[in-house]
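Presented below is the structure to which this report refers.
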Amino acid sequence: MMKIIIFLIVSSLVLIGVKTDNGYLLDKYTGCKVWCVINNESCNSECKIRRGNYGYCYFWKLACYCEGAPKSELWHYETNKCNGRM
């Protein structure tokens, strides 16, 4: 019985790890990255609202970077629909 419980815990942790990722937050309205200048608090709040662990403003890219968020909440180069809009 104890082995089954341990197996279930480990399996659930693996599944949680597979469904989350790190990356730039996606503005679903524009298809662009969520932009910022130096406001880590804003990015962290937005990241947590989207079920991420921690977010910050990546200064060189002027975009909010989020760790541990679901992949559906993140911007991906392959599916970029921004076309230079803000």
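Every residue number used here counts from 1 along the chain in the order it is shown.
Note that Cβ sites are derived from N, Cα and C of the backbone, with glycine treated the same way.
The signal peptide annotation in Swiss-Prot covers 1-20.
The domain 'LCN-type CS-alpha/beta' annotation in Swiss-Prot covers 21-83 and rests on sequence analysis.
In the three-state DSSP scheme, C82 (disulfide bond) falls into the coil class. For C32-C82 (among others), the entry in Swiss-Prot reads disulfide bond.
If you take the C-beta of C57 (disulfide bond) and look for same-chain residues 6 or more apart in sequence within under 8 angstroms, you find C36, V37, I38, N39, N40, S42, C43, A63, C64, Y65. Residues annotated as disulfide bond in Swiss-Prot: C36-C57 (among others).
In this structure, C43 (disulfide bond) is part of a helix by DSSP. The disulfide bond feature in Swiss-Prot is assigned to C43-C64 (among others).
For the recorded site, C66 (disulfide bond), the DSSP three-state label reads strand. A C-beta separation below 8 Å, combined with a sequence spacing of at least six in one chain, links C66 (disulfide bond) to N22, G23, Y24, L25, C43, E46, C47, R50, G52, Y54, G55, E73, L74. What Swiss-Prot lists as disulfide bond is C47-C66 (among others), and the listing cites similarity to another entry.
According to its DSSP assignment, K48 (site 'Located on the interface between the toxin and the human BK channel') is helical. Its own atom aside, the Cβ of K48 (site 'Located on the interface between the toxin and the human BK channel') has 15 Cβ atoms within 10 angstroms in the protein chains shown. Swiss-Prot lists K48 (among others) with the feature site 'Located on the interface between the toxin and the human BK channel', giving a curator's inference as the kind of evidence.
Per Swiss-Prot, site 'Located on the interface between the toxin and the human BK channel' is recorded for R50 (among others), and the stated evidence type is a curator's inference.
In sequence order, A69, P70, E73 are the residues near R51 (site 'Located on the interface between the toxin and the human BK channel'), counting only same-chain partners six or more apart with C-beta under 8 A. Sequence annotations record features per position, and here Swiss-Prot assigns site 'Located on the interface between the toxin and the human BK channel' to R51 (among others) based on a curator's inference.
The average per-residue pLDDT of the prediction over the domain 'LCN-type CS-alpha/beta' (21-83) is 93, rounded to a whole number. Summary for the disulfide-bonded residues C32, C36, C64: the Cβ-based neighbour count within 10 Å is maximal at C64.
Counting every protein chain shown, the number of other Cβ atoms lying within 10 Å of the Cβ of R50 (site 'Located on the interface between the toxin and the human BK channel') is 19.
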